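Annotated in TrEMBL:
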type	residues	note
DOMAIN	1-78	domain 'Myosin motor'
BINDING	Gly10, Glu11, Ser12, Gly13, Ala14, Gly15, Lys16, Thr17	ATP binding site
Amino acid sequence: RENQSMLITGESGAGKTENTKKVIQYFALVAAVGTKKEEGAAKTMTLEDQIVSCNPVLEAYGNAKTTRNNNSSRFVSV
């Protein structure tokens, strides 16, 4: 295995954040495949659900309204 990275670029409002959410959801799903579910664990959240559900909290601290996007991510600016 080798370290890898992904760069998602585009104009403001092009959907970079939404695509990043899908990538994170996919990675979480792939990481969870093959893990055994314990009996009676129907009420517990999967790893995928836990990772995806923390996104609104992160957005609350890292997003801001701009002239081009009402929910613009401010996490990284290059």
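Including glycine, each Cβ sits where the backbone N, Cα and C put it.
Keep in mind that TrEMBL annotations are predicted by a computer and have not been checked by a curator.
In the three-state DSSP scheme, Thr17 (ATP binding site) falls into the helix class. DSSP states for the domain 'Myosin motor' (1-78), grouped as helix (H, G, I), strand (E, B) and coil, give 35 helix, 4 strand, 39 coil. For Lys16 (ATP binding site), other Cβ atoms within 10 Å of its Cβ number 15.
All protein chains shown were included, and the count of other CB atoms within 10 Å of the CB of Ala14 (ATP binding site) stands at 13. With the fewest other Cβ atoms inside 10 Å of its Cβ, the least crowded of the binding-site residues Gly10, Gly13, Gly15 in this structure is Gly10. In this structure, the binding-site residues Ser12, Thr17 were compared by how many other Cβ atoms lie within 10 Å of their Cβ, and the smallest count belongs to Ser12.
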